[in-house]
Amino acid sequence: RPDLAAALRELRAQYEALAARNLQAAEDWYRARCARLHERAARSQEAVRASRREAGECRRQLQARLAEMESLRGAHQSLERQLQELEERHSAEAAGLQDTIGQLEDDLRNTKNEMAQHLREYQDLLNVKMALDIEIAAYRKLLEGEETLFNTGSVGLSAPNPLPNPTYSFQPRGFSSST
């Protein structure tokens, strides 16, 4: 029996040594595994922090772009309104100028008609003047002829020659434009 007790002690010592080694190996494995997990967790946390920073930066950029877009949209709308107002003002000015051109063309046409009427009247008056000048010249000749008869001493009872009949006719023109 002593052998059995010694064998049991030895067997127990071997199992305890084996258990201690296994326990040490399990603890080492557990510590290594924990260290790797902590390391991985730290890297993951850093990645999460970096992702959050990047997301925050993206959010800030998005907000800036949205604000810029709103500003540009407002400027665009303002420019569209200004363009429309400018087009309306230009259209009104063009219509006003068109009216002025029409009035000036009417005035020019009326002035030309008046000038044509004045020219016709002037021509009629010139014709009358020329006819009167001819008649005056005829009377002058007649008077000079009678004066010559009177100065020569021939007293006759015969009637003097009648005045030559001028060959003009005056017909004043009306304001009709029949040229």
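Heads up, the Cβ atoms here are built off N, Cα and C, so glycines get one too.
Predicted automatically and left uncurated, TrEMBL annotations should be read as such.
Remember, it's a predicted structure, so these values are computed and weren't measured experimentally.
Features of the protein shown, as given by TrEMBL:
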type	residues	note
DOMAIN	1-150	domain 'IF rod'
COILED	62-128	coiled coil
REGION	154-179	region 'Disordered'
COMPBIAS	166-179	compositional bias 'Polar residues'
Ask   = Going by DSSP, how much of the domain 'IF rod' (1-150) is helix, how much is strand and how much is coil, in residues?
value = 149 helix, 0 strand, 1 coil
Query = For the domain 'IF rod' (1-150), what's the model's average pLDDT?
reply = 92
